[in-house]
Amino acid sequence: MAGRAARLVLLAGAAALASGSQGDREPVYRDCVLQCEEQNCSGGALNHFRSRQPIYMSLAGWTCRDDCKYECMWVTVGLYLQEGHKVPQFHGKWPFSRFLFFQEPASAVASFLNGLASLVMLCRYRTFVPASSPMYHTCVAFAWVSLNAWFWSTVFHTRDTDLTEKMDYFCASTVILHSIYLCCVRTVGLQHPAVVSAFRALLLLMLTVHVSYLTLIRFDYGYNLVANVAIGLVNVVWWLAWCLWNQQRLPHVRKCMVVVLLLQGLSLLELLDFPPLFWVLDAHAIWHISTIPVHVLFFSFLEDDSLYLLKESEAKFKLD
């Protein structure tokens with residue numbers, strides 16, 4: 001829900017710095033990379049590198065140049081620490097200790113666990129909620145959209161490339177928009193199907209224009225940041241207003257309210273930007289880990305609410 005918007009804020013800020021952070025601007029880093037590429041990334045040296053590179057690294061797309069950047073990053077970090085300076089960032093990111101082919105191991109594992117939690121709750125939802133529930137198909141669709149987003153988040157933190165970065169951004173935006181759609185269906189659409197159909201078309205148009213602009217014209221990090229903060233605020237305000245209006249009448253709505261408030265509170269973790277503990281665990285990874293139970297709670301709310309709506313619709317049918 002709203003937490004994806006907060007995550008996009010941090011990603012946009014980091015990406016805006018990706019073309020030039022303190023570490024990769026250092027002459028020692030640049031000279032190290034240049035020398036490493038000259039010695040290892042051409043001719044027989046390149047063949048030697050490929051012959052000794054683990055198969056999982058090559059399958060993940062790690063090149064000789066990537067390896068040079070990784071090794072030279074740690075050379076630069078070592079010099080900074082020896083001289084008593086703070087750890088610098090490289091290409092908009094803190095230095096992370098690579099594990100196997102995982103570029104950011106903690107964030108990758110945490111993203112996977114978020115996806116796993118969503119999958120488990122989706123299975124539970126489909127087990128306990130009949131398909132005749134008015135919100136069933138909308139909730140299931142939201143779960144699949146979330147699963148897709150966490151898949152690409154896992155891939156992005158495993159291997160940061162232009163493609164994986166864009167897929168992570170776009171899928172996160174899709175989750176926020178689908179959360180707004182979910183809220184629209186719950187608050188308006190059950191009574192006014194025509195309104196929700198028009199709103200769905202509007203959201204799809206917005207997403208198409210957004211992705212097309214960033215893909216075909218230029219990837220504007222500033223615009224992407226503003227757009228996602230805006231839709232994230234709409235998402236938060238709409239859900240929270242509905243929860244406050246219905247909390248006395250529908251006790252299970254408090255779960256949704258807790259989710260919204262927790263995500264806003266946990267988003268503050270993103271502001272604690274510090275070098276990774278043990279070169280693995282940074283604020284972003286901690287935020288990812290903390291959202292796992294939040295997703296469980298939100299799907300629990302969707303299950304309770306869907307069963308309530310089913311009971312309500314069945315009661316109306318009997319009266320008719």
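Keep in mind that glycine also has a Cβ here, set from the backbone N, Cα and C atoms.
In TrEMBL this protein carries:
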SIGNAL    1-23  signal peptide
TRANSMEM  105-123  transmembrane segment
TRANSMEM  135-155  transmembrane segment
TRANSMEM  167-189  transmembrane segment
TRANSMEM  201-219  transmembrane segment
TRANSMEM  225-245  transmembrane segment
TRANSMEM  257-279  transmembrane segment
TRANSMEM  285-302  transmembrane segment
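Tallying C-beta pairs under 8 angstroms between the transmembrane segment (285-302) and each of 105-123, 135-155, 167-189, 201-219, 257-279 places 105-123 first. Residues 1-2, 4-5, 7-8, 11, 135, 138-139, 141-142, 145-146, 148-149, 151-153, 155-156, 195-196, 199-200, 203, 206-207, 210-211, 214, 224, 227-228, 231-232, 234-235, 238-239, 242, 305 of the same chain lie 6+ residues outside the transmembrane segment (167-189) yet bring a C-beta within less than 8 angstroms of a C-beta in it. When Cβ-Cβ distances below 8 Å are used as the criterion, the transmembrane segment (135-155) is approached by residues 4, 107-108, 111-112, 114-115, 118-119, 121-122, 125-126, 129, 164, 167-168, 171-172, 174-175, 178-179, 181-182, 185-186, 190, 288, 295, 299, 302, 305-306, 309 of the same chain, each at least six residues removed from its ends.
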